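What follows is a short report on a single structure.
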């Protein structure tokens, strides 16, 4: 068939609560046209407003009336059902006609991509609705398999494989006839909408758990849900096999580092995300201009997987999610420009329909190809081991494709795959049980045991910035014995991550499910309730809606159904709010001896010179750095059996001059502002070893995080973990070499002299 342009739909999300009252800058003029008001900078005078008009295949607005300041009349907001009718029905019909189809959602963080693609239980998005309509089709022997893939920091992860050990590495492979696919990726047979949603829910739970373990409150990753559809088409003379692949992709949000305030690990994740999206932009730009030579598909895993969707055998749709608010004008304009470029891209879709004999011939050819590759690998094993490994890798990829195709074609093999899927479902349930997550809530409610979960049982619900992760981790709290939380398998709720010891705390449900108490077990670890750390062996009462942080990354909201029915939070919460409202100082509240000493130093020595506003900003920044310093200290405890160093936030009252020193620097030397630093001291005697500027500290923190993540991965895979002294040469040079030791000082918060260079020597 002829080339076909990528179909592009733009959806405008409603205003967020923080945006209520802002001016609406983007409006839908017709079913295919929208108008954006932008401010254009002038050579002289204030910026002037300019209208930019864009044309797309579908323009959908979910903005509600009275949410913004706008003179034009509002059309009724578009519902999820209408979005499916505009986009999803076309996707499904293409797939059932034998065409490979792809949908990817693009937009800035918080623009509504995941809500459009997934939605929630009460208002499902494109994927749930598409799956529901797929299994209502009246086709004989309809065979559907599902895969769930995640791309995080350019690493591929199979979200449907419950086995942590013995996993084969995932990679992207391109075959001349089959296109681009991922060998060794789980292809789970599904026979109904419920089974499909169960796999999607399992993958989302695993995704939420792993991302939380990596100290992230948002997914910060690309997610691909893949459906492979096969069914026979019979007529009077012959039987043909129709195959199609449906790729549903939720891209990570594009965002600006400066605007998002990302730092450290979040900044590195954002750089990887922006890098893959930047490569995607380069690919789109070249394809839109018709420059098909040297298209950089292989520069990122994302664009490599999208090769067919953007230039090959696929009918592709894109959903661009944008914000209507004036505060998001630049991001909205960037998304619309990107969508305009995507609309110029053309693909060449071909119906994947073959006779039974043609399918058998294809399989026989691929088997021969795999054997030839193995023979080539054996021949090259002596002269070029690296080339031999490449041959074997290609042979494995071809064999995987043969098994996948044959399983969906052969009735006996499909039945065997369904039996294996039942065993895999049991392993997935065990994996969720190992994480203390429910896999069958209906079976848990109204049980016969003494401490069964009931409809009024309190529970913990995870908090996340990403809708695909928020609410995926749910832990019921039945009344009875205390519920232990920690990293050991013996705990009722097992959480593994930084700052979580073998036994962190106990939760007790009292008063017939109307009250909940938590007690720190006094074995170290971090427990925070509503922003206030809980000290060792301390017990506090919790109210409905309380926010609890276990360790460094697990954030939950407590839900007490019986308390919420009665209304109100309780006396404990009112007292807490009253104490928080009665701060004696204009500076932000701070916890810990280090910040208290720093606050005292600023109030006595810095405030008379800089003023309260500047000092409040220093304390605010110090609180942020202090949280990361605490994380670094916990990482040192986890990595090294006996930590040799301890880190602490400090302040240089007169920051050292930059190098090389100029005349202008010398003139302003006496007017230098105080500078936050991090002091590295020897744990044994408190001797100060080095003073790091904040950027240098975050470099070392990244090294610690990377090494800790490697240790966690090895533990999950059952590999030995060696003792470690120092994370890298840079870290060891910074804290261990005698030539780097700074002169000792009586206190880590005292004034630092001007002869310090503020870093490693």
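From the backbone N, Cα and C atoms, a Cβ is placed for every residue, glycine too.
TrEMBL does not curate its annotations; it predicts them automatically.
Copied over from TrEMBL, here are the features:
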type     : residues                               : note
DOMAIN   : 5-345                                  : domain 'Kinesin motor'
BINDING  : 107, 108, 109, 110, 111, 112, 113, 114 : ATP binding site
REGION   : 733-761                                : region 'Disordered'
COMPBIAS : 752-761                                : compositional bias 'Acidic residues'
Worksheet item: Taking the Cβ of residue 107 (ATP binding site) as centre, how many other Cβ atoms lie within 10 Å?
Response: 27
Worksheet item: What count of other C-beta atoms do you get within 10 angstroms of the C-beta of residue 112 (ATP binding site), across all chains shown?
Response: 22
Item to complete: Within 10 Å of the Cβ of residue 113 (ATP binding site), how many other Cβ atoms can you find? Include all protein chains, please.
Response: 29
Practice prompt. For the recorded ATP site, whose residues are 107, 108, 109, 110, 111, 112, 113, 114, find every other residue on that chain with a C-beta no more than 8 angstroms from the centre of their C-beta atoms, and list them by sequence position.
Written response: 13, 253, 321, 323
Worksheet item: So what's the mean pLDDT when you look at the domain 'Kinesin motor' (5-345)?
Response: 83
Discussion item. I'd like the Cβ neighbour count for residue 108 (ATP binding site), meaning other Cβ atoms within 10 Å of its Cβ, all protein chains included.
Written reply: 22
Worksheet item: So of 110, 111, 114, which of the binding-site residues has the fewest other Cβ atoms within 10 Å around its own Cβ?
Response: 110
